[in-house]
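Trainee: What follows is a single structure, and I will ask about it in a moment.
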Amino acid sequence: MYIRTVLITALAATSTTQAFSLTNEARSATSASKLALESLVTRTKSLFTRDSNSCPTVWTTISTALTAQFLADGQCTDAARAAIRAAFHDCFNGACDGSLILANECANSENNGLAQLCGNLATISTDNNVGVADLIQFAAAHAIKTCPGGPTVPVKVGRKDSSTANALGVLPAGNAKSGDLIKLFASKGFTPIDLAALIGAHTTAKQRFEDPSQAGASLDSTVGTWDTKFYSETKSGKAPFTLEADKNIAQDPVTSIPFASFALSKGAWDLAFVGAMTKMSMLGVEGGGLVDCTGALPGGSAKREVRRSNVFERLRW
């Protein structure tokens, strides 16, 4: 199991479908691991290369206020959970273009529970003159980093906003079959490892609409922290609540190996998650002209002696 976990750690960074060709594992592990590790180093360097001095200072102002909203009593809040979910919902059904808010997609039933966050982010965008698409992704990266144990997801600004609604019915249902999920994510450029890694964001999630009789039930026992309990408890059946789709991913032969490996190694999961989430945040976005604002996230290199904007005092999450 240890050897398999190490191999998954390396392959997660390469993000290739060949990661699941494990039948010849014993014969090819050495050469495959070497190539994967070389790719891991190269990719990690590219993810974290940034010029924080070019990021507009307004993002540091926003970041300072978001910390107060996303962290309480040493744990991440419902607002943080909503921000992480919103990033996926804005991107996956078309592009990371802000249409979740600008086209009022938040009113759609598939986005139940996001209306309050959408309203608050719209206010922040208007009062600080920043793009809505950028703000949604920045808020998600901030929320992930704010959760105790959360990794740093690189975040860039400069996306084009759109008020044209994206297609309905693309977002996966809570009871989706694993095969359908694997195909759906593959159509967006994500490997099964990416899928298994992204679903781990449920470590901070609560369900409210899948089973209204258990509204507010968390998907693992440590909902306020970013850890691997989601993986181990989903697999063992000990989570407070488990979505049928999550159970299906945990049991599918294609995704069960990385799922189990992430339960054993937070480092492996964080590495795979950061790569997959970075890819998610750029769906439908042209790369040219974007500015790296990773340094404005909590613990980043940007200066943080900034006066809090009055707009944040009015927000209610």
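One-based numbering along the chain as shown.
Note that Cβ sites are derived from N, Cα and C of the backbone, with glycine treated the same way.
According to TrEMBL:
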- HIS89: active site, proton acceptor (ACT_SITE)
- ASP90, ASP97, SER99: Ca(2+) 1 binding site (BINDING)
- HIS202: heme b binding site (BINDING)
- THR203, ASP220, THR222, ASP227: Ca(2+) 2 binding site (BINDING)
- CYS76-CYS147: disulfide bond (DISULFID)
- 43-310: domain 'Plant heme peroxidase family profile' (DOMAIN)
- 1-19: signal peptide (SIGNAL)
- ARG85: site 'Transition state stabilizer' (SITE)
Trainee: Can you list the residues of the same chain, besides ASP90, ASP97, SER99, whose Cβ falls within 8 Å of the Ca(2+) 1 site's Cβ centroid?
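Mentor: Everything else in range on the chain: CYS91, GLY94, ALA95, CYS96, GLY98, LEU100, ILE101, LEU102, ALA103, GLU105, VAL132, ALA133, ILE136, ASP161, SER162, ASN166.
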Trainee: State the three-class DSSP label for ASP220 (Ca(2+) 2 binding site), counting H, G and I as helix, E and B as strand, and everything else as coil.
Mentor: coil
Trainee: Identify, in sequence order, the residues in the chain of ASP227 (Ca(2+) 2 binding site) that are 6 or more apart from it along the sequence and have a CB within less than 8 Å of its CB; answer 'none' if there are none.
Mentor: GLY149, THR203, ASP220, LYS266
Trainee: Inside 8 A of the center formed by the CB atoms of THR203, ASP220, THR222, ASP227, which other residues of the chain have their CB, for the recorded Ca(2+) 2 site?
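Mentor: Apart from the listed residues, the neighbours are THR204, SER221, VAL223, THR225, TRP226, THR228, LYS229, PHE230, GLU233.
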Trainee: Rank the binding-site residues SER99, THR203, THR222 by the number of other Cβ atoms within 10 Å of each Cβ, and give the residue at the low end.
Mentor: THR222
Trainee: If you compare CA-to-CA distances from ASP90 (Ca(2+) 1 binding site) to each of the recorded positions CYS76, CYS147, HIS202, which comes out shortest?
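Mentor: Checked the recorded positions CYS76, CYS147, HIS202; minimum Cα distance to ASP90 (Ca(2+) 1 binding site) goes to HIS202.
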Trainee: Counting only residues 6+ away in sequence within the same chain, which have a CB under 8 Å from the CB of ASP97 (Ca(2+) 1 binding site)?
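Mentor: Spatial neighbours, sequence-distant, of ASP97 (Ca(2+) 1 binding site): ASP90, ALA133, ARG159, LYS160, ASP161, SER162, ASN166, GLY284, VAL285.
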Trainee: Per DSSP, HIS89 (active site, proton acceptor) is which: helix, strand or coil?
Mentor: helix
Trainee: Considering only the recorded positions CYS76, SER99, CYS147, HIS202, THR222, which residue has the minimal Cα-Cα separation from ARG85 (site 'Transition state stabilizer')?
Mentor: HIS202
Trainee: Taking the Cβ of each of the binding-site residues and counting other Cβ atoms inside 10 Å, which one has the highest number: ASP90, ASP220?
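Mentor: Counting every other Cβ within 10 Å of each candidate, the maximum falls on ASP90.
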Trainee: Based on DSSP, name the secondary structure state of HIS202 (heme b binding site): helix, strand or coil.
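Mentor: Note: HIS202 (heme b binding site) is helical by DSSP.
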Trainee: At the Cα level, what's the spacing in Å between CYS147 (disulfide bond) and THR222 (Ca(2+) 2 binding site), rounded?
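Mentor: For CYS147 (disulfide bond) versus THR222 (Ca(2+) 2 binding site), the Cα atoms are 11 Å apart.
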Trainee: Counting Cβ atoms within 10 Å across all protein chains shown, which of the recorded positions ARG85, HIS89, HIS202 comes out on top?
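Mentor: Checking each of ARG85, HIS89, HIS202, the winner is HIS202.
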